[in-house]
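According to TrEMBL:
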- ARG41: L-glutamate binding site (BINDING)
- ALA76, SER77, TRP100, THR148, ASP167, GLN190, ASN232, THR233: pyridoxal 5'-phosphate binding site (BINDING)
- 5-344: domain 'Aminotransferase class V' (DOMAIN)
- LYS191: N6-(pyridoxal phosphate)lysine (MOD_RES)
Amino acid sequence: MKKHNFSAGPCVLPQSVLQKSAEAVLNFNNSNLSLLEISHRSKDFVEVMDNARNLALEHLGLQNKGYQALFLQGGASLEFLMVAYNLLEKKAAYLNTGTWSDKAIKEAKLFGEVVEVATSKSDNFNFIPKNYKVPSDADYFHCTSNNTIFGTQMQSFPEINIPMVCDMSSDIFSRQLDFSKFSLIYAGAQKNMGPAGTTLIVIKEEILGKVSRVIPSMLNYKVHIDKESMFNTPAVFPVYVSMLTLQWLKDMGGVSAIEKVNNQKAEILYSEIDKNPLFEGFVTNKEDRSKMNATFNLRNDKLKATFDDLLKQAGINGLNGHRSVGGYRASMYNALTLESVQVLVSIMQALEKGA
Ligand SMILES: *Cc1c(COP(=O)(O)O)cnc(C)c1O
């Protein structure tokens, strides 16, 4: 039976990418060797790493603009502290829009003063704060573009004259932005780019080298840049699958093309949430709604068993909300098809008809 995978992460990947990845595990580039058993310094793998790094910059429109792309390990969670280790000398400004921002702030505090410019914590993060002031004497400003757990997404970013750092784990490559406004972007691969195990970091080189502390090699962006993302053995398989997904995205027409489909998917799901009397959205300000993760709930808990049963029969997977929000969360990453969203909407309509 065909499955519709709405998982929040690790997430759905294109079928063609899974197929090619499986082949490379058995026989990589017709070498009769597995991708998993060759040197990461072999010509074939160095090509994979170079392709992945170039494609990432190309999709963001950041080629030849002083940026470097790295594929490191440790997830976005390691970036919470690496960012501060490498950039925080005295004071940093953070916008707190959810669990992940909160965790980033906790790590940054180990390295210096953190100014929380605004937070929606008291409302369980169901909106994105606006009209906050970013102190111009901070070393950098940090934000989370898409809040995977709560289903909110930043639609605009402040105009500031200090480096802007953004955790884009769950919406990178999903929409067009002027990415040159950001000095550092990081994203765990497993939400919208590939499997778990590698993290993309895109960094403007000129922001480095400004802190006085000594930085251990593995946590030092400059070291990884100088070694072309091969300071130590990279996560060869996750990098390969990410490269294939970035190639797939290019073949689809790139970020601008996928953004149109993502907009359509979000539009049909949110309009059903709004017009179906059995459901309500979690996010209070509609303009803050995430196009990647839609959070919603049944107004009447008694229908839960029936709805869950219908979802199961339709092959819908991964729709449970995060435990801190409850209800449902439909994650509609790039590789989720419009058809899958249509199936979900048809189940919501079937529930309404039967109720
Ligand atoms: C999932 C997620 C993280 C955590 O990523 P790990 O790779 O598990 O460390 C951080 N930020 C956001 C926005 C996420 O969605």
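Positions of Cβ are set from backbone N, Cα and C atoms, glycine also.
Any TrEMBL annotation is an automated prediction that lacks curation.
Location within the structure of each feature annotated in TrEMBL.
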residue	record	CB count, 10 Å
ARG41	L-glutamate binding site	10
ALA76	pyridoxal 5'-phosphate binding site	24
SER77	pyridoxal 5'-phosphate binding site	15
TRP100	pyridoxal 5'-phosphate binding site	22
THR148	pyridoxal 5'-phosphate binding site	27
ASP167	pyridoxal 5'-phosphate binding site	29
GLN190	pyridoxal 5'-phosphate binding site	25
LYS191	N6-(pyridoxal phosphate)lysine	28
ASN232	pyridoxal 5'-phosphate binding site	13
THR233	pyridoxal 5'-phosphate binding site	10
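Screening the binding-site residues ALA76, TRP100, THR148, ASP167, ASN232 for a C-beta under 6 A from any atom of ligand 1 leaves ALA76, TRP100, THR148, ASP167. Between the CA atoms of THR148 (pyridoxal 5'-phosphate binding site) and the residue listed as 'L-glutamate binding site' there is a gap of 35 Å, rounded to the nearest whole number. According to DSSP, TRP100 (pyridoxal 5'-phosphate binding site) sits within a helical segment. Summarising model confidence by region, the domain 'Aminotransferase class V' (5-344) averages a pLDDT of 97. Comparing ASP167 (pyridoxal 5'-phosphate binding site) with the residue listed as 'N6-(pyridoxal phosphate)lysine', their Cα atoms are 12 Å apart once rounded. Residues ALA76, SER77, TRP100, THR148, ASP167, GLN190, ASN232, THR233 are listed as the pyridoxal 5'-phosphate binders, and the farthest two of them sit 30 Å apart at their Cα atoms. Across the structure, TRP100 (pyridoxal 5'-phosphate binding site) and the residue listed as 'N6-(pyridoxal phosphate)lysine' place their CA atoms 14 angstrom apart. Under DSSP, ASP167 (pyridoxal 5'-phosphate binding site) is assigned to a strand (E or B) in the three-state scheme.
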